[in-house]
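**Student:** Pasting in a structure now, in structure tokens, and then I'll have a few things to ask.
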Amino acid sequence: MDIRAAEISQILKNEIANFGNEASVTEVGQVLSVGDGIARVYGLDNVEAGEMVEFENGVRGMALNLEVDNVGVVIFGSDRDIKEGQTVKRTGAIVDVPVGRGLLGRVVDALGNPIDGKGPIPYETRSRVDVKAPGIIPRKSVHEPMATGLKAIDALIPIGRGQRELIIGDRQTGKTAVALDAILNQKSANQGTDESAKLYCVYVAVGQKRSTVAQFVKVLEENGALEYSIIVAATASDPAPMQFLAPFSGCAMGEYFRDNAMHALIVYDDLSKQAVAYRQMSLLLRRPPGREAYPGDVFYLHSRLLERAAKLRDANGAGSLTALPVIETQANDVSAYIPTNVISITDGQIFLETDLFYQGIRPAVNVGLSVSRVGSAAQTKAMKKVAGKIKGELAQYREMAAFAQFGSDLDATTQRLLARGSRLTELLKQPQFAPLKMEEQVVVIYAGVNGYLDALPVARVRAFEDGLLALVRTSHGDLLETIRSSKDLSDASTQALKAIVETYAKNFA
């Protein structure tokens, strides 16, 4: 066997030429202890706060506590297969999620992984979950209405695009139902061609039963609303870090639309459960507890989340992100820690009360305690004209009703006021999944505030409303179209509307 020296030297030269000198360096640490969804890791000296780390079995976690000799990591998954002594490696990336139009119509977990069995998500880009909210200069004051389709809200507590309006109440008072109706009401706008009228919806379910989330998705699907919605679900069986992260992930998905000159609505259902999950994580990380055992930065947790809802100025694309956070109270106690925090952060609140709910007033909005700090800036001119009166009349009615309990001999004016108030209260009731368009609400409220219901028994108000709407939809579509396109109630429209309502009221028996 002969050895060719030239050939060997050529092979060696080729090998040397193709030799790659890039060695991949990954910083790894070791698990010191693990339990209750928290791992203590030694050796990750350069890890960043909020950075994703990966355990041996592929489960991911987030570095939250950076201490002198170890790192406190919260685990996004089960900690059963993580053992003491296992290696943990840095990923070099702060926690991020996929964002873009590809997520519409899908159900994802807090990390943006699909959980609806419809295959992988074709996302456009990834975005960090916890980013800084827009400053003062890029913002613009809220001035466009965000119609919910609920008379009680659109007339009395108007919500604008870019606003944060809290929905607060005890369990089983219809908080989710209000948010669901607001999502369903965007269907006609999203099916139209006007891009500026479209409103994409993100629903974040935190700590809810899986059956509840499945039911919610089913209702959206049946009503054709899933195609413009994203569902982010961190259910009751998910680890606390996932429940803590879900609202931030949903917010990042909503911000994609806001920053690309589109409009989005995000519902956090609910932030009390997120605060409880954050409290659990903080106590397990040995952070000092404060009031009600919540950590000291629980206010900052919610404020940095809700400040990201904004209306941007024209130079920044004029997009918007509207937030409807939900808070569940215990026995109507709105002076507890989390409710007071979120009330002070948001631009108004919708109070839902158990008593009203059981009296059959649904949506069970307490009009006296509810407020929108944006006010009529978020209403169309047409709605302003008819709804201005209803606020005053209902306020007087509530005042008089309190006194009327004590005396039976009331003068005619007071009796008239009480009769009008009870009929207006009846008029503001609305069945679920039946949102009304703005122009239809204007017609109904016009009839109420101008005394056309006063002669009717209260039990007949609903029938009157249904009949009037059916008449206007079938025979007077042009009037509805005029109000819709002009967003105003001109003198001519008012005269036409008056004639229609008068004729209908005479014939209604």
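Backbone N, Cα and C atoms are what each Cβ position is placed from, and that goes for glycine too.
It should be emphasised that the depicted structure is a prediction, and the values quoted were computed from it without experimental measurement.
Okay, so Swiss-Prot annotates it like this:
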type: BINDING; residues: Gly169, Asp170, Arg171, Gln172, Thr173, Gly174, Lys175, Thr176; note: ATP binding site
type: SITE; residues: Ser370; note: site 'Required for activity'
**Student:** Measuring Cα to Cα, how far is Asp170 (ATP binding site) from Ser370 (site 'Required for activity') in Å?
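**Tutor:** Per the Cα atoms, Asp170 (ATP binding site) and Ser370 (site 'Required for activity') stand 15 Å apart.
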**Student:** Quick one: Cα separation, Thr173 (ATP binding site) versus Ser370 (site 'Required for activity'), in Å?
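**Tutor:** Their Cα atoms are separated by 15 Å.
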**Student:** Could you round the CA separation between Gly174 (ATP binding site) and Ser370 (site 'Required for activity') to a whole angstrom and send it over?
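**Tutor:** Answer for this pair: 15 Å between alpha carbons.
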**Student:** Any idea what DSSP makes of Lys175 (ATP binding site), helix, strand or coil?
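**Tutor:** Reduced to three states, the DSSP call for Lys175 (ATP binding site) is helix.
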**Student:** Quiz question: given the recorded positions Gln172, Thr173, Thr176, Ser370, which has the greatest number of C-beta atoms lying within 10 angstroms of its own C-beta?
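**Tutor:** Neighbour-count leader: Thr173.
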**Student:** Which are the residues of the chain, Gly169, Asp170, Arg171, Gln172, Thr173, Gly174, Lys175, Thr176 excluded, whose CB is within 8 A of where the CB atoms of the ATP site average out, their centroid?
**Tutor:** Glu328, Leu352, Thr354, Phe357, Ala364
**Student:** Including all protein chains shown, what's the count of other C-beta atoms within 10 A of the C-beta of Gly174 (ATP binding site)?
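**Tutor:** So the Cβ neighbour count for Gly174 (ATP binding site) comes to 19.
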**Student:** Since the record lists Arg171, Lys175 as binding-site residues, which of them has the fewest other Cβ atoms within 10 Å of its Cβ?
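**Tutor:** The binding-site residues Arg171, Lys175 were compared, and Arg171 has the fewest Cβ atoms within 10 Å.
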**Student:** What three-state class does DSSP give Gly169 (ATP binding site)?
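**Tutor:** Strand, per DSSP.
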**Student:** Once the chains shown are all counted, how many other Cβ atoms turn up within 10 Å of the Cβ of Gly169 (ATP binding site)?
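**Tutor:** Taking every protein chain into account, the count is 27.
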**Student:** Whole-number Å only: compute the distance from the Cα of Gly169 (ATP binding site) to the Cα of Ser370 (site 'Required for activity').
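**Tutor:** Just about 11 Å between their Cα atoms.
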**Student:** Where does Ser370 (site 'Required for activity') sit in DSSP terms: helix, strand, or coil?
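**Tutor:** SS state of Ser370 (site 'Required for activity') = coil.
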**Student:** Just give me the nearest neighbour of Ser370 (site 'Required for activity') among the binding-site residues Arg171, Gln172, Lys175, Thr176, Cα to Cα.
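**Tutor:** Checked the binding-site residues Arg171, Gln172, Lys175, Thr176; minimum Cα distance to Ser370 (site 'Required for activity') goes to Lys175.
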